[in-house]
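Okay, structure first, notes after.
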Amino acid sequence: MQSITFTRPDDWHLHVRDGAALAAVVPHTAERFGRALIMPNLRPPVTTTAQALAYRDRIRAAVPAGLAFEPLMSLYLTDNTAPDEIERARASGAVIAAKLYPAGATTNSDAGVTAIDKIYPVLERMEACGLVLCVHGEVTGGEVDVFDRERVFMEKILSPLVRRFPALKVVFEHITTAEAAQFVRAAGANVAATVTAHHLLLNRNAIFAGGIRPHHYCLPVLKRETHRVALVEAVTSGNPRFFLGTDSAPHARSTKEAACGCAGCYTAHAGIELYAEVFDAAGALERLEAFASLNGPAFYGLAPNADKITLVRESWSVPAGFPYLDDDPLVPLRAGESVGWRLA
């Protein structure tokens, strides 16, 4: 197969930052995707519906003319989130999810939830009104090995949460392990997961190939090859509760190539093409459309996009960097290397 045409995909987990950084990265996503669920971990975080609507306006202003891209918004949950804010979010029609960040788990998560029981009233309201809970599934205690954070989170927090709120729609974001994939398969229809392209393409050896590779450092961290293989099997299986979420996370080069570098891989420049590589290598290109374009909208109760895109089997070279901040470029995944599929 030399080309594939399918329903325009959506990105169900995206970071676009704000200000000049936002203007630099939004076009990459808008060229490929019809919609994206925007993560709320700005500094300060997006904790109210009013803030989310203002942020949506700033994103819309950065969409190039002629592209019909729609940002879908989320709220950042804190220990102090009010249940009434959930009602406002749901009523807005623009905010479709709220994000649980365990405090300290990832970039700009220091304002996150310190104990899950502190947000039980909020989760009850979300369950009642149908707002989706998106979860960064890692514990943060120093006694837990960084490669075990996802597994321990499932055992201590996610499993009890799903039992306590059986009608709450939950997305286990950017899963990285065979155990997480199995958790989703075994759960009810109200539990789904996003999977990133980099966790499907890379294992943890990529962080240390010939030296420290800061542009392969993300959270949750890359895992063993056995887990990567299990994730590929999950996304190509046809199970409708796995769908595309790039977790594309832009950082200036100086903050990645540093003594204490930021976590995140930037993939929006090839946000659908990298997934095509994965499905092609697995002999499952015919299942890419469901994963990228159909499963996510179905879970969120939305219609698929009306238009289509075409990918061509044609190699292209990824630039060494993209303009980002003044004299501080953005280094994308595969910088200086090639991608095997191209957006027509």
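Each residue, glycine too, has its Cβ placed from N, Cα and C.
Source: prediction; values computed, not measured.
Together with His13, His15, Lys99, Swiss-Prot lists one candidate of Asp247, Asp280, Asp307 for binding Zn(2+) 1, that being Asp247.
Together with His15, Val16, Arg17, Asn41, His136, Leu219, Ala263, the substrate site in Swiss-Prot holds one more listed residue from His227, His251, which is His251. What surrounds the Zn(2+) 1 site, by Cβ distance within 8 Å of the Cβ centroid and not counting His13, His15, Lys99, Asp247, is the set Leu14, Leu37, Met39, Asn41, Cys134, Glu173, His174, Gly245, Ala249 from the same chain. Same-chain residues at least 6 positions away in sequence with a Cβ under 8 Å from that of Leu219 (substrate binding site) are, in sequence order, Ala105, Thr106, Thr107, Glu138, Ala263, Gly264.
Listed in sequence order, the binding-site residues near His13 (Zn(2+) 1 binding site) (C-alpha within 10 Å of its C-alpha) are His174, out of Asn41, His136, His174. Neighbours of the Zn(2+) 2 site: apart from Lys99, His136, His174, residues of the same chain with C-beta atoms within 8 angstroms of the site's C-beta centroid are His13, Met39, Leu100, Tyr101, Thr106, Cys134, Val135, Gly137, Glu173, Asp247. Of all Cβ atoms in the shown protein chains, 26 besides its own fall within 10 Å of the Cβ of His136 (substrate binding site). Around Asn41 (substrate binding site), the C-beta neighbours below 8 angstroms that are at least 6 residues distant in the chain are His15, Tyr76, Lys99, Tyr101, Thr106, Thr107, Asn108, Ser109.
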